[in-house]
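Right, I'll just put the structure down here and ask away after.
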Amino acid sequence: MSKKRLHEIAKEIGKSSKEVVERAKSLGLDVKSHASSVEEADANKIASSFAAGVTKDAQAGSAKDKQVAEQKAKAAKATTPQPAAATQEASQPVAVKPKSRNFKAEREARAKEQAARRQAGQNRSNDRKSDYRQLGRSQGQQTERAGHKSQNQQRDRRFDNRPSSGNNRNDGHRQAGNRDKNRSFNANSRQQDTGRQGQTQAGAPKIDFKARAAALKAEQNAEYARQRESRFREQEEAKRLEQQARQEAKAAALKAQTEDKKHREASAKATEPIASMAAAPVAKPVDKRRKKQNRPDKGHDRDHGLEDGQKKNKKSWNSQNQVRNQKNSNWNNNKKNKKGKHHKNSNTAPKPVTERKFHELPKEFEYSEGMTVAEIAKRIKREPAEIVKKLFMMGVMATQNQSLDGDTIELLMVDYGIEAKAKVEVDEADIERFFTDDSYLNPENIVERAPVVTIMGHVDHGKTTLLDTLRNSRVATGEAGGITQHIGAYQIEEAGKKITFLDTPGHAAFTSMRARGASVTDITILIVAADDGVMPQTIEAINHSKAAGVPIIVAINKIDKPGANPERVISELAEHGIISTAWGGECEFVEISAKFNKNIDELLETVLLVAEVEELKADPTVRAIGTVIEARLDKGKGAVATLLVQQGTLHVQDPIVVGNTFGRVRAMTNDLGRRVKSAEPSTPVSITGLNETPMAGDHFAVYADEKAARAAGEERAKRALLKQRQNTQRVSLDNLFDTLKAGEIKTVNVIIKADVQGSVEALAASLLKIDVEGVRVNVVHSAVGAINESDVTLAEASNAVIIGFNVRPTPQARQQADADDVEIRLHSIIYKVIEEVEEAMKGKLDPEYQEKVLGEAIIRETFKVSKVGTIGGFMVVNGKVTRDSSVRVIRDSVVIFDGKLASLKHYKDDVKEIGNAQEGGLMIEGFNDIKVDDTIEAYVMEEIIRK
């Protein structure tokens, strides 16, 4: 149902908003002001409540009008012949349900009525001539017009008895008399005919419009008067209540003042016996406000002032303003204090001297090298001046801000009789100690935590599909080539318990990422395809899990395929030490179908059972520690790191050290992309606020304050740089021959830029493993982010090839690369990168395919068509877009899709190409996630002959 605001209801019924709000509150509705909304039924209830009150007032006032209307109706009935039965039924007044008055509608009706009367008066002179002609008409026509007049009079009576709307139509008028002639008349001609009939027939009653208008105006004025009177009464009542509240507050203040006065008199009487015991006479009470004007005598000392009465009563030559200025002047203060520093004002009682609290010296003192005198004084609860004095007696000249060595501190503590102990220095930059030593955990606060489960297996065995089924999402559709290329962490809930899943890539290049996933996991789900069996990466995942000491749950996937053979998988895994519990082993085996959601619940129950056996615990009260799952550089947010909290609770604004970087947690999002303020153990979150992008696999720890975190992060970065410099191999006599031999080897210099840190590591490791005799790969630089001008400059200086993985160069970098003749290779699948570099090293690039960019277009608008897909309306900003070209969808300098065009149109026509500065529409095969401001890059692969 629709809602209405109270001020709209007030406007419709002609009441003030305040009255409507009060009436709504009296009806039990929950409203606050005139802007509150109510349902339509409640609005009708409010309007009807006002209408009921108005009807009662109007009934008494309009009794005379009703009597006059009844007399007119009787006269018309007597003089008018009886029309047809249908006309009588139509002309009867309709019983109208009493409504609330609408003054606006009444004013409009009166205006229309007055306009009609003026028009009728102007046409009377012209109508007199036509009246003589009408006397010769037939009796049937006269009867018909008499019926019209009777109907119009009845319509006027209905107009008097209900609010007029100005659009009332006399339907009965159309049913009587000559229908052919009446259809040609409009509303004005009918009114003129009715007026003429009134002139020709002397016996017909006339309507007194002036009397009726005066009655309406009087009724409206009475209503306005009632409203003004009610508002005046409300204002008077509010003033009375306000005055009453002020009087009550004043009475309460007077009562409190009287009680305070009585209390002071009682306390003064209680102190009189004590004062009488003293030898001095009782002094009169002195007004406190006058004490400020009394000034101390200017005697040289107290005795002299007491002996000499003239000097005691002598006024200062300075006026009161000068004395006040002397208080604000340091020079005058010093001068006057020298004269009368011992003199006290006789009117003020002496203030008691606060005694210094005595603090016991500590029995032991733990010091660190370089402590200052002020720090030592604060620790042993002594004044710095006292310690400086002791040091001076020992022959050491020091100030309170001067640092002391260990021997001096020990001698000082011996003088005080305190046992001094040197503080054991803890390397604050070493965050690895939190992962090896559990002594900082409180056993009373340790609670159960969610298990961290890593899904491992060979390429395309269904790892991401299984996780997709668990999360009811479509993660697998976003991976280029159908393989997962960087780790993802997600959390689901099963049977009231949370489970954290880590999805690792299965490709051989991502060995380090799989090892990293095994190091932070609690349970490993080894997924094996029932039709493929055990593959190389399956064996590698088994070795990683065994090295980490993690229990393994085997999920035999794709059992729905015709060639599935789970028994063969079980026997092959038994050869590698993975024995099923059915065969007497320790590993759980579950046959599933991730695609058709078969036995997924059984797999989750097995995970919870193994987690319960492992007894996974954590302390959520300590400062958080954990591991970096993934890190990347976002264009708008900066460094973004995906963290897995292992101990403690991570909060927003926590100072944190992540690997060799530091910062403060500015924002934190969970796996669903929602902002969170805290993350408990076993929870994956993405954070921002780091000064640099950390490395995937680094540990992180939260520090007490930002100063300590900054110091630890800078120290760790310094140590990492020093270690990198020490690893530089220097030429010696022993390796001289190897160095000369290496100089003959040709090198392929590459610069690697990728979207995430894990992809950078995997790509660099894969390229370095390529073994081609006489050629080796040299990774000059690797980083996260888009290809920029600095990368092009470095590539030109080192004669290197830039390899971009899921990133794009900036327009400035592309222009500089074209000018400097620097080659940029862009890829989205790691297979292609390895194959291309390997064949380049082997010299098997004949023929060679070179990418040629045809043009770029910007998406201006998108249109979603059912059963067709998403159509992107674009404008070509550079070059052209052809029908047979391949396209890349670039969003924030990151390639999100690479494919072919499904259609290319200019308006409604299919075209082969669209040139520069032209608009068109396109559809991309297998991709509907086109958004406004996406960049569409059209390119073709041209075959060139290697020279």
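Backbone N, Cα and C atoms are what each Cβ position is placed from, and that goes for glycine too.
Pasting the feature list from Swiss-Prot:
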BINDING   457-464, 503-507, 557-560  GTP binding site
COMPBIAS  63-73  compositional bias 'Basic and acidic residues'
COMPBIAS  76-90  compositional bias 'Low complexity'
COMPBIAS  103-116  compositional bias 'Basic and acidic residues'
COMPBIAS  125-134  compositional bias 'Basic and acidic residues'
COMPBIAS  170-183  compositional bias 'Basic and acidic residues'
COMPBIAS  190-204  compositional bias 'Low complexity'
COMPBIAS  225-249  compositional bias 'Basic and acidic residues'
COMPBIAS  257-267  compositional bias 'Basic and acidic residues'
COMPBIAS  294-311  compositional bias 'Basic and acidic residues'
COMPBIAS  316-334  compositional bias 'Low complexity'
COMPBIAS  335-345  compositional bias 'Basic residues'
DOMAIN    448-617  domain 'tr-type G'
REGION    55-361  region 'Disordered'
REGION    457-464  region 'G1'
REGION    482-486  region 'G2'
REGION    503-506  region 'G3'
REGION    557-560  region 'G4'
Would you kindly list the residues that approach the compositional bias 'Basic and acidic residues' (257-267) from elsewhere in its chain, counting only those six or more residues past its ends and only Cβ-Cβ distances under 8 Å?
none
Need one number: mean pLDDT over the domain 'tr-type G' (448-617).
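In the predicted model, the domain 'tr-type G' (448-617) has a mean pLDDT of 78.
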According to DSSP, which of helix, strand or coil covers ASP460 (GTP binding site)?
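ASP460 (GTP binding site) sits in coil per DSSP, no helix or strand.
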At a 10 Å cut-off from the C-beta of LYS463 (GTP binding site), count the other C-beta atoms across all protein chains.
29
Does DSSP give ILE559 (GTP binding site) helix, strand or coil?
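DSSP call for ILE559 (GTP binding site): coil, neither helix nor strand.
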Tell me which residues of the chain lie with their Cβ under 8 angstroms from that of ILE559 (GTP binding site), as long as they are six or more apart in sequence?
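Same-chain residues close to ILE559 (GTP binding site) (Cβ under 8 Å, separated by 6 or more) are ALA530, PRO566, GLU591, ILE592, SER593, LYS598.
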Could you tell me how many residues in the compositional bias 'Basic and acidic residues' (257-267) are helical, how many are strand and how many are coil under DSSP?
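Split into helix, strand and coil, the compositional bias 'Basic and acidic residues' (257-267) gives 11 helix, 0 strand, 0 coil.
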Would you find the one among the binding-site residues GLY457, ASP460 whose Cβ has the most company, meaning other Cβ atoms within 10 Å?
GLY457
Do you know the DSSP helix, strand and coil residue counts for the compositional bias 'Basic and acidic residues' (225-249)?
25 helix, 0 strand, 0 coil
